[in-house]
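Over in TrEMBL, the protein carries these features:
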DOMAIN    9-57  domain 'Galactokinase N-terminal'
SITE      Arg27  site 'Transition state stabilizer'
BINDING   Glu33, His34, Thr35, Asp36, Tyr224  substrate binding site
BINDING   Ser67, Gly122, Ala123, Gly124, Leu125, Ser126, Ser127, Ser128  ATP binding site
DOMAIN    93-178  domain 'GHMP kinase N-terminal'
BINDING   Ser128, Glu160  Mg(2+) binding site
ACT_SITE  Asp172  active site, proton acceptor
DOMAIN    283-362  domain 'GHMP kinase C-terminal'
Amino acid sequence: MGAQQVADRFAELYGAAPEGVWAAPGRVNLIGEHTDYNDGFVMPFALPHQAVAAVSRRTDGVLRLHSDDIGGGVVQLGLADLAPGTDREWTAYPAGVVWALREAGHEITGADVHLSSTVPTGAGLSSSAALEVVIALALSDLYGLGLPRWKLARLCQRAENVYVGAPTGIMDQTASACCEQGHALFLDTRDLSQRQIPFDLAAEGLRLLVVDTQVKHAHSGGEYGKRRAGCEKGAALLGVDALRDIPYDGLDAALARLGDEEEVVRLVRHVVTEDQRVERTVALLHAGETRAIGPVLTEGHASLRDDFRISCPELDLVVDTALAHGALGARMTGGGFGGSAIVLAEATDVDTLTKAVQEAFAAAAFTAPRVFEAVPAAGARRLA
Ligand code: ADP
Ligand code: MG
């Protein structure tokens, strides 16, 4: 959706042109899954799919929200009434951002918002973070808050954790706020230090496919929370602040100390090996050995499937079929229980691979998947 279209629709809805138009992308996580709430490493990149919002300030303590992508008209909320846990609709995401900004002491006196997004929802591509970050950036700009990107991400995470009630880590919001075109973002979620890693697959004759299984995950559902609690239990049993503090070469000793806590053992093993996979991926990309990251991605999938246990038959089918048809690597991406998988492949294998996955889904009587190529795009920015 172009900036002009979104601005035009804003003017139709609210009777005047918006003060500005902003965009924030969805993301794909290349490697580093379920590490962000363990103070570990992640490596997302931004998608060309993005949320675009036209926004104007108000002075009367009113927030008006409209999404092109959701049925229903303009929703009007009073800023004084915003309170965590009171809204179960989509409006909780933008309202939560306004709440978090105000709670942090920023004087927001109201806003009119119209938005439209091309990020598929519930597909593991972070439509929620795109929505939060586009609102946060717009308000930071309009109200002259000058918030650095990492801080915007923190406020958005707070909105999602506290206001919406979804216990997500910091990756999605940071990816949407901080990614750069042509790069993956190597993020240390402990101190939010970041490195932009050049990630230009096309130049090497490679492609990264996203396969949206169309199986909708439910993020605030209990399974995510259970994994998170299990990781916290592991850290407590091992006497560390977070699983990040277990070094890879100390993993066996740590697992031995956990004894018969079988579930915690599996969770800890995933998180510690996954952090190491992120570091290996960064090292391989740095060395120009892009094809060699394929097996690392595939290992990550096995760990999520067998140890973390958050895959599903559709995701496994994508990975198995892709690998059987020449993919260099493949894995589920995002929170799990549905959503999307990524496939790293030679450009010349893409057509065969895509067809094979589609046929396998048809043979299994699964809903047809949506396949698209992911090229690292720009992070959040002002469009007009
Ligand atoms: P994901 O972030 O993986 O797409 P989530 O469950 O975290 O999935 O967030 C999806 C929710 O975000 C939707 O159910 C909806 O409430 C909200 N959302 C995302 N995009 C839009 C949009 N364009 N308009 C309105 N709400 C949206
Ligand atoms: Mg989300």
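Keep in mind that glycine also has a Cβ here, set from the backbone N, Cα and C atoms.
Just so it is clear, the model here is predicted, and its values are computed rather than measured.
Counting other Cβ atoms within 10 Å of each Cβ, the lowest count among the binding-site residues Gly122, Gly124 belongs to Gly122.
Residue pair Ser67 (ATP binding site) / Arg27 (site 'Transition state stabilizer') shows a Cα separation of 20 Å. Here the binding-site residues are Ala123, Leu125; the one with the fewest Cβ atoms within 10 Å of its Cβ is Ala123. Counted within 10 Å of its Cβ, the other Cβ atoms near Ser127 (ATP binding site) come to 24, all protein chains included.
Counting every protein chain shown, the Cβ of Ser128 (ATP binding site) has 28 other Cβ atoms within 10 Å. Ranking the binding-site residues Glu33, Asp36 by how many other Cβ atoms lie within 10 angstroms of each Cβ puts Asp36 at the bottom.
The CA atom of Glu160 (Mg(2+) binding site) is located 12 Å away from the CA atom of Ser126 (ATP binding site).
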